[in-house]
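These come from Swiss-Prot:
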type	residues	note
BINDING	76-89, 282-294	NAD(+) binding site
BINDING	ARG96, ARG106, ARG134, ASP224	substrate binding site
SITE	TYR141	site 'Important for catalysis'
SITE	LYS192	site 'Important for catalysis'
BINDING	ASP224, ASP248, ASP252	Mg(2+) binding site
Amino acid sequence: MSKQILVLPGDGIGPEIMAEAVKVLELANDRFQLGFELAEDVIGGAAIDKHGVPLADQTLQRARQADAVLLGAVGGPKWDRIERDIRPERGLLKIRSQLGLFANLRPAILYPQLAAASSLKPEVVAGLDILIVRELTGGIYFGQPREQRVLENGERQAYDTLPYSESEIRRIARVGFDMARVRNNRLCSVDKANVLASSQLWREVVEEVAKDYPDVELSHMYVDNAAMQLVRAPKQFDVMVTDNMFGDILSDEASMLTGSIGMLPSASLDANNKGMYEPCHGSAPDIAGQGIANPLATILSVSMMLRYSFSQATAADAIEQAVSKVLDQGLRTGDIWSEGCRKVGTREMGDAVVAALKNL
């Protein structure tokens, strides 16, 4: 029986990078006889233009029926002035919450070929391999009430709410421990337990879950210190688990240790490892349509999809090897280019990965 993959290119550079990822996926599908069927739909700004909402009901239903979702990027200045609740990003938040995609896995891996592209000294980041496990469907991005109001004195005031339940913390903590167990048995839980009530509960529950993982070394770190330590000595970390907002910020910070956010994939999983896969970067409207965006994060998201949702480790490994081979050849998009390398565009980079995959 065939497996269904829903492709959502999205906005900005999304359609450009997705085109290259789909080429790689179709080759892997054929070569490894994976039995995938691909369908395409719209999300974000593209959905607003077509349906008047950032995620149409029929698109959400197709996503529910699919075995995995492959996403490009959403958003852009074209839609910045519309009502907040129907902006493109709301489509992304909705599909995450409606599909129950509570666990976001964001690897930060420095390819040895890109050591010079990192913002830190090579000796600080050489061999870097961090996995950030981010809670994705709770916390301040979804908490109610949230409001902007006018006080009696005429001054505007806005507030948000940061709620976490014990069950939400427990399930993401287990993902963190499980990931640590298949890596190097080290987990750092990041919170702000010295200030926030939600973080105090977070730390208590993580400690309780740790009793089921005696082989995993657990440490705790306040988020401000974690942000500093990621720059000072990033290789002290292996797996980090944290809440929605902290994970959003720390994973972007970690991305720059690797040279470019254009290299980093991500997976968002439900309790059964059904997932949505997307690059960590945004829609980059400033370079959209120019054919210069880096498609490698999206291509590597395909690899994560094969690994986590379909248990196709051989095909996933092959795609990662193809990307590494292309970097060995000195091909670089502008975001990772350095002296002595050949600068290429989006399509040429995608074609190079396809060629490398064919020759493995």
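Using the three backbone atoms N, Cα and C, a Cβ is placed for every residue, glycine included.
Spanning the residues ARG96, ARG106, ARG134, ASP224 that the record associates with binding substrate, the maximal Cα-Cα distance equals 27 Å. Around the Cβ of ASP252 (Mg(2+) binding site), a 10 Å sphere holds 17 further Cβ atoms from the protein chains shown. Here the binding-site residues are ASP80, ASP224, and the one with the most other Cβ atoms within 10 Å of its Cβ is ASP224. Using Cα positions, the member of the binding-site residues GLY76, ASP248, ILE292 nearest to ARG106 (substrate binding site) is identified as ASP248. Apart from ASP224, ASP248, ASP252, the Mg(2+) site neighbourhood in this chain, defined by C-beta within 8 angstroms of the site C-beta centre, holds VAL223, ALA227, MET245, PHE246, GLY247, ILE249, LEU250, SER251, GLU253. For ASP80 (NAD(+) binding site), the nearest neighbour among the recorded positions ARG96, TYR141, LYS192, ASP224, ASP248, judged by Cα separation, is TYR141. Each of the binding-site residues ALA284, ILE292 was ranked by the number of other C-beta atoms within 10 Å, and first place falls to ALA284. The C-beta environment of PRO88 (NAD(+) binding site), restricted to residues of the same chain at least 6 apart in sequence and closer than 8 Å, consists of GLY10, ASP11, ILE43, GLY44, GLY45, ALA47, ILE48, PRO54, VAL74, GLY75, GLY76, TRP79. Spatially, by CA atoms, the recorded positions ARG96, TYR141, LYS192, ASP224 include one closest to ASP248 (Mg(2+) binding site), and that is TYR141. In terms of local Cβ density within 10 Å, ARG134 ranks first among the recorded positions ARG84, ARG106, ARG134, LYS192.
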